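Annotated features, as they stand in Swiss-Prot:
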type	residues	note
TOPO_DOM	33-208	topological domain 'Lumenal'
TOPO_DOM	234-260	topological domain 'Stromal'
TOPO_DOM	279-295	topological domain 'Lumenal'
TOPO_DOM	314-323	topological domain 'Stromal'
TOPO_DOM	343-353	topological domain 'Lumenal'
TRANSMEM	15-32	transmembrane segment
TRANSMEM	209-233	transmembrane segment
TRANSMEM	261-278	transmembrane segment
TRANSMEM	296-313	transmembrane segment
TRANSMEM	324-342	transmembrane segment
Amino acid sequence: MNFVNLEQIENSLRNATFCMLFLTTFLYWFYTAFYSTNPQQIINPLSLTNIKTNFTYPDGFQANNINVSTTYLPINPVLNTEREEQPEANGTNGLLGVSSLVVNLKSIAIPRIMMGVSNLLLVLLLLVRWEKSGHFPLSNLYESLMFLAWCCTFLYLLYCTSFTLLVEKMLGSLIAPCSLLMNAFATFSLPKEMQQASPLVPALQSNWLMMHVTVMIISYATLIIGSLLSILFLILFKHKKGTPKKYDNFINNLDALSYRIIGLGFPFLTIGILSGAVWANEAWGSYWSWDPKETWALLTWLVFAIYLHTRLTKGWEGEKPAIIAAVGFLVVWFCYLGVNLIGEGLHSYGFFN
């Protein structure tokens, strides 16, 4: 393939990714808002068996010793505390059962498949970009935004089967628009020159490029997802006053899931900072220069280190560490994008121009 064909393919993939993410966002919002989830679908016993709560379900209904609660939604589903018998394979009950199963599968399968297609389109976009430029596509802000969007969708697809059905929909309703905004910002706001593939600048011609930048972007994506869950937890926690205690289990599971994901992203952030220090010593002769990007990366590390520490402190469960994670969400974005607005420092390849 020649360069012209690759240029056309890249433009087509970028437009297709934007459209697919837009449709995915709409579907996740639609299913989260209008699809009623029954109690049996809220707790996934295969993935949350290690989460313990002190809450006792009113009628004693349990699944693998995990209490099952209804969801906290503007539209409250009807609670059915009795186990439903499996419908017969023939007759009206059988047909209704099959119809219900088909609707249930479609409700989660369609947006999940569309998220997967979006992820695949982003992969193809990055591969075409790699072929055009001759290097791993992380040399400027445009490429890193596309890679960050891919990381967010990939992590969601990687963990979605571990989420409960409702958490999967709610998290998809957050990740899909975030990825859409990344794609839109990279496509419509950044200079056209940045969107064109170009050779690496001398400072980036190193094997550390893939190691350092890739790990940092993965850590950003993971911390963003975990922080979004903490923000969602805070919203539900604030409005749970006056609601039955049966909602507490679902809210607490959100908090526990946020902790698990942030706990995964923190080591990536640590490795990314350390690898960046080694690369800086090779390129600039110093492990640390207090560059704005370095300083804010350190602040990001400190915020989430405090978050993880408070999770181990008695009396700091729930709302307090979630507030720290919410602050971390803002710090991550400023470290990634906000610092670039300053236009100063050694990380000039990440600026907006």
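Here the Cβ of each residue, glycine as well, is placed from N, Cα and C on the backbone.
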Exercise. Where among 15-32, 209-233, 296-313, 324-342 do we find the most Cβ pairs under 8 Å to the transmembrane segment (261-278)?
Worked result: 209-233
Exercise. So which residues does the transmembrane segment (209-233) touch in its own chain, when a touch means Cβ under 8 Å and the partner is 6 or more beyond its ends?
Worked result: 135-136, 138-139, 144, 147-148, 151-152, 155-156, 170-171, 174-175, 178, 200, 251, 254-255, 257-262, 264-266, 268-269, 271-273, 275-276, 279, 297, 300, 304, 321-322, 325-326, 328-329, 332-333, 335-336
Exercise. Near the topological domain 'Stromal' (314-323), which residues from the same chain, at least 6 beyond its ends, have a CB less than 8 A from one of its CBs?
Worked result: 230-231, 233-234, 237, 252, 255, 258-259, 307
For this session: Express the predicted model's confidence over the topological domain 'Lumenal' (343-353) as a mean pLDDT, rounded to an integer.
Result: 56
